[in-house]
Amino acid sequence: MPWESIKLNSGYYIPSIGFGTWTLGNGQGPVDQVEQALENGYNHIDTAQSYRNEGETGVALKESGLSRSDVFVTTKYSGTNGLDIPTSIKNSVNSLGVSYVDLYLVHSPRLAVPDIPTCWAQMEKVKEDGLAKSIGISNFGVQDMEILLASAKVKPAVNQILLHPYVYQRQKPILEYAAENGIIIEAYSALIPITKLPGGPLDKPLNDIAAKFGATPEQVLLAWTKAKGAVVVTTSSKKTRLQGYLAAGDIDLSPEDIAAIDAAGALGEKKVNMKTVLKRVVVGAIACTAVFGACNFFGISMM
């Protein structure tokens with residue numbers, strides 16, 4: 001298989017590509033799209049409490065006719081409706097129509113209330129109770145992971161983070177720390193350089209490498225993400241794209257290919273950061289102008 005399963009520190013295996021439901025909303029749409037993904041060979045479905053489509057995902061799982069052991073199911077504690085972890089995991093497995101999930105994640109460190117050690121102890125209880133085979137985190141930085149590991153009895157199996165070439169340098173310390181501690185990285189939004197930020201420095205190397213392999217730039221990006229050792233979580237409503245993403249697992253990028261993408265990504269990251277700084281400066285300038293204008297209008301001295 002091109003996308004081989006990866007062994008987690010919990011002893012279980014995670015399929016290295018998953019179908020995500022983040023952007024699907026709710027209703028019949030996500031039911032149909034999850035069913036389509038399952039029919040086309042995806043055996044890893046990623047959802048979350050805050051996506052509000054765990055129920056639809058559960059319907060699709062049931063209608064697929066697949067046995068529970070055939071599908072790796074991930075969901076996340078998102079703090080929705082102010083519910084705590086013990087209540088949320090029970091609601092999630094009920095909505096999904098399963099007795100357990102394969103992976104349960106804390107969606108963000110800001111949800112670790114009152115603190116990370118207390119939150120993680122509750123996650124460990126979820127695993128102990130058999131409601132999740134593996135537990136992990138999402139969007140945790142290095143400092144967050146350090147705090148967690150200082151008191152953890154069970155290490156997080158994964159850390160699911162934003163990962164694509166335009167944020168690679170920023171996220172690299174997280175990848176390195178995770179690797180040092182046996183935590184697998186899951187990547188979401190890997191295709192953003194193409195879907196949201198076209199026209200950047202990555203376009204040329206992606207197109208050149210894609211031409212060499214007879215592939216698409218999207219497939220090259222997924223192959224790059226795989227080469228970084230990350231599990232990919234992606235999505236599409238189009239059957240042909242789903243099949244293409246699976247085929248990307250066969251692309252074996254050379255060290256030169258990876259270096260070219262890294263370099264273009266770093267250049268693009270600098271440009272994106274500069275745009276962000278400029279945007280903040282402009283917004284700040286506009287705000288200052290408005291304040292001075294208001295003070296002048298009301299005869300208030302700013303000196």
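Counting starts with 1 at the first residue shown.
Using N, Cα and C of the backbone, Cβ positions are placed for all residues, glycine too.
These features come from TrEMBL:
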- Tyr51: active site, proton donor (ACT_SITE)
- His107: substrate binding site (BINDING)
- 17-191: domain 'NADP-dependent oxidoreductase' (DOMAIN)
- 203-264: domain 'NADP-dependent oxidoreductase' (DOMAIN)
- Lys76: site 'Lowers pKa of active site Tyr' (SITE)
- 281-300: transmembrane segment (TRANSMEM)
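For the pair formed by Lys76 (site 'Lowers pKa of active site Tyr') and His107 (substrate binding site), distance between Cα atoms is given as 6 Å, rounded to the nearest Å. Counting only same-chain residues at least 6 apart in sequence, those with a Cβ under 8 Å from the Cβ of the residue listed as 'active site, proton donor' are Thr21, Trp22, Leu24. Fewest other C-beta atoms within 10 angstroms, among the recorded positions Lys76, His107, are seen around His107. Applying DSSP to the domain 'NADP-dependent oxidoreductase' (203-264) sorts its residues as follows: 44 helix, 4 strand, 14 coil.
For the domain 'NADP-dependent oxidoreductase' (203-264), the model's average pLDDT works out to 97.
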